[in-house]
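Down below is the structure, laid out as structure tokens.
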Amino acid sequence: MTVTTVFYLGSVISLYCSSQEVLCQIVGGLSHEVPNSTTFDSWQERIRKNYGFYIGLGLALVSSFLIGSSVILKKKGLLRLVATGATRAVDGGYGYLKDSMWWAGFLTMAAGEVANFGAYAFAPATVVTPLGALSVLISAILSSYFLGERLNLLGKLGCVICVAGSTVMVIHAPEEEKINTVVEMASKLKDTGFIVFAVLLLVSCLILIFIVAPRYGQRNILIYITICSVIGAFSVTAVKGLGITIKNFFQGLPVVRHPLPYILSLILALSLSTQVNFLNRALDIFNTSLVFPIYYVFFTMVVVTSSAILFKEWYSMSAVDIVGTLSGFATIILGVFMLHAFKDLEVSWANLPHTHRNPTPSPAPEPTVIRLEDKNVLVDNIELSSTPSPVEKPRVFIIRS
């Protein structure tokens, strides 16, 4: 039997002669034919290199549209639940789980998150994350058409300021450290700084859920949204860890024996169920055009802070990035304040002061003209005016001589 070995240009082969080993590299004189698998890999790499940015951009836009419209579908489902007289979500009811419109919104949001996850695989995070702010504008536009909700002028300005602040904060955020194995992720999660941060988040979240929310949740929009945002830090961390687990599983690494994937799966299930519960409560009693912008801002802020602490990204931040991050944070606070503080004022473009700078004078009343043929009416009016009123008593004059 003859065994034929094919070597390609650049291959390094080992030759044995008696007790000596010689390494040789093939530099020419061979066929340039490339295997099919290599051609397939190079085709994939070429597509990724030439069109990857546009694929990621398209996925980010689709994700923003799906996530923005999913909030409207959820709100419609909650409104239908109120119309039937069932227990509302804010009162602890779960009747929305039987509503098809709510499930359509939930699945639409899941599809949007999948598209967003795919966008991060093709385009840089500094492009994908700011485009996520489009979902805020989409939800505001759709809520005005399908839900009849209106934002005053200050609310619209606050929404734009929030989106701008989030964009500045993400652009100046440091690049995320690459983690390739479950063991590396576990070592990061065991860091003392992240453990302290996670405990503080968990304690504050429990205080909000069991003490603050029952008293002020139905009056203050920030309570339910803060709970969803704080829990979002745990869900995003769990999703990142599970993504690494799936990648390692297909690479043939023994991730099934590691306890971290099971812990992360439990954390993800608990955090997602809590987020859905309190987000539904916020949507049930507050305006959608207020809930979603504030939720996006708080969620982005908490997740960026969590990632910076988990991966210690502040070590690589320059002074410009630090100033930019703090400026974005201050801008977000200003935008949220405008959204929340002036939500009940009737402020629109029509009642701004400059629109009344030169008001049109009202026309002067025309003088009453009595014509000659109306002399009979004039005489009658004189006689009536000279006639004493029946209420007036007669006057008596006594003349003494």
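We number each residue from 1, going along the chain as drawn.
Including glycine, each Cβ sits where the backbone N, Cα and C put it.
TrEMBL labels come from automatic prediction, so no person has curated them.
These come from TrEMBL:
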type	residues	note
TRANSMEM	51-73	transmembrane segment
TRANSMEM	128-147	transmembrane segment
TRANSMEM	154-173	transmembrane segment
TRANSMEM	193-214	transmembrane segment
TRANSMEM	221-239	transmembrane segment
TRANSMEM	259-278	transmembrane segment
TRANSMEM	290-310	transmembrane segment
TRANSMEM	322-342	transmembrane segment
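The stretches the transmembrane segment (154-173) and the transmembrane segment (193-214) do not meet in space: the count of Cβ pairs below 8 angstroms, excluding pairs fewer than 6 apart in sequence, stays at fewer than three.
Against the transmembrane segment (221-239), the recorded stretches 51-73, 128-147, 259-278 differ in Cβ pairs under 8 Å, and the greatest number is found for 259-278. Long-range neighbours of the transmembrane segment (128-147) within the same chain, counting only residues 6 or more positions beyond its ends whose Cβ lies under 8 Å from a Cβ of the stretch, are 56-57, 60-61, 63-65, 67-69, 71-72, 75-76, 79, 112, 116, 119-120, 156, 159, 162-163, 166-167, 170-171, 287-289, 292-293, 296, 300.
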